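Copied over from Swiss-Prot:
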BINDING   T54, T55, G56, G57, T58, G59, K60, T61  ATP binding site
REGION    78-106  region 'Disordered'
Amino acid sequence: MTRRPPRFWLRPTRSIAARLLRPFSFIATTLTRRRLRQPTFHASVPVLCCGNITTGGTGKTPLTLDLVQRLRDRGHHPHILSRGHGGRERGPIGVNPNRSTPRDVGDEPLLLAQSAPTWIGADRAETARLAISQGADCLVMDDGFQNPTLHQDVSVLVVDGVTGFGNGCVLPAGPLREPVPDALARAQAVVVMGDDRHNLIPTFPPHLLTAQARLVPGPEIRTLQGRRIVAFAGIGRPEKFFDMLRDAGVAPIRSLPFPDHHFYTPRDIQRLEALSRESGTTLVTTAKDAVKLPFPFRTQVKVIGVELLWADPKSPERLLDLLFSAS
């Protein structure tokens, strides 16, 4: 049901397949470096980017939401910029959480728009100008680490602590969008999500602000204790959501992974409803998936939000201090 990455991408040693594909990785790296040398627009307000260099989910959207809320708590008026992956609109346009649809603007922007004004557009510079004209005093980019059109005062590289950088190779030989040294040279901070199983943190350059955090379910998880649930998710790494439920003591009797940014079809909905009726269970999904579910089916599904738990509570505040000192 999901498109799983090749196994050799995640092996610590480079396989024969990876070695055979390396010439194509060299071409991809050359093109990326050339694109990153394009002229950059400097916005009149601070710009923070939460991005990654691997395919699949790393937790950058929960990080974006966490930092946006902290900016609001400081009295700022942050606006969020997103590419709008999966949507038809090219932008720049504002996302209306009550009127915009996932097929128009994408699923992540709809989720982000529930927390702060959110704009989508392929041209980040043009989108930034529009957001600033509408009152933004700082901008937070959800993804866009490899987008050169808008200068980033602070670039935060988000790394999954379990998978790390995989086999260390660039697409298609590995999961990376660019070489790790290139990314670290542009970043000002690195946030490792989850256990640092590859002991990456000590290897990062000392000038980078490094932090560690993990994703935990929201308080609504308590209502599921002792209940039989069927969990489904169409995110970058659905198994992370299922594992999070198990760690919270809510083990699904069945887990259904869907591709990232998946649009649920009538057939999908019928299947999920049938599973719920047959087993007498509660359907559970993510907030990102919930925005794509049609009414009234959405009311039949329990939505579990995700929160960020920082290893050092001072880390996010240091990151925001860095943003305003750099701009």
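For all residues, glycine too, the Cβ spot is worked out from N, Cα and C.
Locations of recorded Swiss-Prot features on the structure.
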residue: T54; record: ATP binding site; CB count, 10 Å: 24
residue: T55; record: ATP binding site; CB count, 10 Å: 17
residue: G56; record: ATP binding site; CB count, 10 Å: 17
residue: G57; record: ATP binding site; CB count, 10 Å: 22
residue: T58; record: ATP binding site; CB count, 10 Å: 26
residue: G59; record: ATP binding site; CB count, 10 Å: 26
residue: K60; record: ATP binding site; CB count, 10 Å: 25
residue: T61; record: ATP binding site; CB count, 10 Å: 24
Env. residues of ATP site, Cβ within 8 Å of mean position of T54, T55, G56, G57, T58, G59, K60, T61 Cβ: N52, V158, D160, G236, R237
Number of helical, extended and coil residues in the region 'Disordered' (78-106), per DSSP: 4 helix, 7 strand, 18 coil
Coarse DSSP state, helix versus strand versus coil, of T58 (ATP binding site): coil
